[in-house]
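Worksheet for the structure shown next.
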């Protein structure tokens, strides 16, 4: 009785002479192996060599500064409320006189912490941010940690360094798709990174 | 003797008939509907300036404009213009259209735009964000984008004491705080000066600040123009947990909402009803000085609407709704366990029964497949 379409009739038919000899099959197998020996390797030596993951890959967080080097984050708490893993916490502080060159708005995050053990790198914080302050870097991941106190990242690790600013080739998925298309058509490989608004 | 009988009038609001006393406003009639049936809460016109506990409020912001399609049973003509529902009294046989009239919704969109002309879009900084009536109003009734390109009006910063923070730029001139000041003091010490764009509250506000109940201007303010200085930038509203509490206070009723972060009380406000209106005004001692949990008798968590951002990350079992479908399915397929079968211990019989059951099951599945 046939129960499914996938069932297969098995037969026990006798092997031919060449099949019985085994040697031709071995030669055939060795030939395939030898062919792969001269082909281009598909593996990469991972920790030393890293693949480009695309401009919208979501790696570690960064707190952006604006063109004048002021912190963009105003501790509005929208990233923390959007975070499904509840990984973000912050303490706000009022900007004092004379700190205008440090913080963009009247209020700033005195403490901004991301628990990298809780974070699932979904990018909802990036989407929620009304000030374009928090982004997930496409080029760096969270390094492996060995101690518990390395898990919670504070502002010392998160805030952007003005001497080594973070830039992206594309900021949205649409832009990334257009970029891919351009690359596929073989035009303008190096796109000038756009400054964020 | 007819005068002593309560004069009841019948009106139709968005197709729902309701009986109210003569002299009630359309807004109150709509709220009566929503209080009777919670699912109709969306029908109630929004209010930015009208505040029931304060006498004389209403009629300024135009947020609650509605269409009166039929003036009364005697005079069936519609009212020529949209009327503010918070100060228009009902008449017998009145037919009011709110959400059912596209012209009303369009007008409301315009009102949002006008209110936002001078209102700064600094919600990420503002302490009121999350419980701001203008935010709700713009979210529910406004357009997604602004068309305003000109400079917004600005004012010189005005320090009005250690307890209350005034941000005049955020003011929408609803006059609620003015009426509060009028109500708590005998002399008129708080008012609106100048006209048009230059209109501002507060010139004599320092005098009202000394009053025991001056802190209530924070609660009545629909936007972030008057906020609690002791709470300034302490936390966001949605990270704090509201708890109902009371204390034995010599000046006020002492029934408040505590906004806690962990065990710490970071803000005290009056309790508000469904419409965001203060139930009992509280004194400044309760509001600003009693910030220890030991000062209060805690009654339990405040009921927060599920749609409010304040309910975010607060997991209360009674607020988490079970999926309807699963419950319906379970109730429709519920069967009592059939325990009438004899209890079999003999292994051979069990084996035979299980083989039979298997055959039956295979037969059923085959039937299902073939059909």
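Even glycines carry a Cβ here, placed using N, Cα and C.
The [4Fe-4S] cluster 1 site in TrEMBL is built from A:73, A:76, A:79 plus one of A:122, A:129, namely A:129. Using CA atoms as reference points, the binding-site residues A:83, A:119, A:122 were checked against residue A:129 ([4Fe-4S] cluster 1 binding site), and the closest is A:83. In space, A:79 is the closest of the binding-site residues A:73, A:76, A:79 to residue A:125 ([4Fe-4S] cluster 2 binding site), judged by Cα positions.
A simple way to gauge crowding: the CB of residue A:79 ([4Fe-4S] cluster 1 binding site) has 25 other CB atoms within 10 angstroms, across all the protein chains here. Listed binding-site residues (A:73, A:76, A:79, A:83, A:129) with a CB under 8 Å from any chain B CB: A:76.
In this structure the alpha carbons, written CA, of residue A:119 ([4Fe-4S] cluster 2 binding site) and residue A:73 ([4Fe-4S] cluster 1 binding site) are 19 Å apart.
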